[in-house]
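A short worksheet on the structure shown next.
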Amino acid sequence: MTVAAQFSDLYGYAPDGVWAAPGRVNLIGEYTDFNEGFVMPLALPHTAVAAVARREDGVLRLHSADLDAPVAELRVDALEPLSKYGQGGWAAYPAGVVWALRDAGHAVTGADVHLASTVPTGAGLSSSAALEVVTAYALNDLFGLGLSGPELAVLAQRAENVFVGVPCGVMDQMASACATEGHALHLDCRDLSVRQVPFDLAAQGLQLLVVDTRVKHELGDGAYAERRAGCEEGARLLGVTHLRDVPYADLDDALARIERSGADEKVVRYVRHIVSDDHRVEQVIGLLDAGEARAIGPVLYDGHRSLRDDLRISCPELDLVVDTARSAGAVGARMTGGGFGGSALVLVETTDADAVTKSILTAFETAAFTPPRVFPAVPSTGARRLPVS
Ligand code: ADP
Ligand code: MG
């Protein structure tokens with residue numbers, strides 16, 4: 001049954017429309033977003049699809065086909081950040097978008113929402129941003145708000161930061177909102193300018209695989225806050241507002257200055273990761289623009305090393321994917337996303353995809369790890385309205 005038909009079954013009338021917004025993977029540029037640096041995500045074919053109808057009576061009803069939870073019924077004028085819908089409840093994501101829109105002065109007077117998503121949750125592929133962005137797009141259309149993709153992405157991020165209480169950067173929402181088919185999105189997290197970088201791997205005989213390790217080690221939340229604080233300290237010691245402002249050519253000098261300041265050694269490592277990862281984004285763009293997709297492989301491996309040894313957000317499962325991919329002859333590989341589990345990316349010759357996948361599955365079996373899910377990351381289109389079927 002389609003999501004629209006499920007909506008009709010659930011609420012007893014047909015929706016006004018159906019919208020879709022994808023999950024994403026980040027090709028390169030990790031933890032750089034809150035340092036006002038560069039990231040380079042691409043949208044996945046996996047999407048959250050929402051059937052939505054506008055309401056005028058202040059009522060917001062939310063339902064997910066993927067959970068065994070009843071319809072959440074809320075009042076738009078009673079939505080409050082970190083309320084009971086902001087503490088773990090899935091409804092906080094779409095409700096937070098309604099709150100963020102209203103808080104920005106947009107007259108959103110209620111809605112009925114039913115959604116279903118094919119974005120794996122908790123795999124670092126941003127199922128949460130897909131929920132937020134699909135809700136934002138639907139309400140933008142239904143209430144004639146006239147907001148742009150980047151404006152909706154920023155409001156969706158605010159929903160997650162303030163309403164749900166997750167301190168994420170804006171990359172996930174921007175990717176879900178603004179990505180286009182066959183491209184990676186070069187996003188400058190300072191001014192939110194974007195450039196679509198051609199990323200048609202198939203034409204070059206290459207394939208990008210996502211390996212979802214299906215593990216999520218605890219420690220994640222505190223570790224994020226700790227690295228954020230360390231980056232801020234690094235910027236302060238270097239006299240810049242954000243690490244984005246440290247040129248790669250000055251990195252060695254900058255690190256020596258931090259060392260001399262007596263700061264904790266981790267600040268040196270974090271700064272080295274952020275400044276070098278911004279540089280790696282620029283390297284990857286240069287190579288893709290030159291049509292040399294194969295040459296990004298070593299940059300991906302180098303990015304993984306930096307995340308493992310400097311930022312220290314990898315884990316045995318992610319390292320096993322990357323090490324096994326390398327031994328099996330992959331072109332490049334690295335963990336992607338927030339770390340401590342989630343997914344890795346593996347760039348392979350299309351002709352090697354099956355063999356590399358098999359090596360990874362075997363390595364996981366030998367290590368007695370949960371079998372990973374492997375699927376191709378085809379650069380797909382961002383949020384959009386779908387024809388109702
Ligand atoms: P990620 O965004 O990396 O997938 P998060 O922890 O940020 O992981 O977001 C996952 C949360 O988003 C889930 O715990 C759930 O609350 C919500 N979510 C994602 N997909 C769905 C869905 N299809 N239905 C209901 N809630 C969902
Ligand atoms: Mg998320």
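Each residue, glycine too, has its Cβ placed from N, Cα and C.
Of the listed candidates (Tyr224, Tyr248, Tyr301), TrEMBL assigns Tyr224 to the same substrate site as Glu30, Tyr31, Thr32, Asp33. Set side by side, the binding-site residues Ser64, Ser126, Ser127, Ser128 differ in how many other CB atoms lie within 10 angstroms of their CB, and the most is found at Ser126.
Checking the binding-site residues Ala123, Gly124, Ser126, Ser128, Glu160 against ligand 2 with a 6 Å cutoff on the Cβ atom leaves Ser126, Ser128, in sequence order. Note on proximity: of the recorded positions Arg24, Glu160, Asp172, the one nearest Leu125 (ATP binding site) is Arg24, by Cα distance. When the binding-site residues Gly122, Gly124 are scored by other C-beta atoms within 10 Å, Gly124 scores highest. Taking Cβ-Cβ distances under 8 Å and a sequence separation of 6 or more, the neighbours of Ala123 (ATP binding site) in its chain are Asp212, Arg214, Gly342, Ser343, Arg373. Proximity to ligand 1 (Cβ under 6 Å from any of its atoms) holds for these recorded positions out of Arg24, Ser64, Gly122, Ser128: Ser64, Gly122, Ser128.
Using DSSP to sort the residues of the domain 'Galactokinase N-terminal' (6-54) gives these counts of helix, strand and coil: 9 helix, 26 strand, 14 coil.
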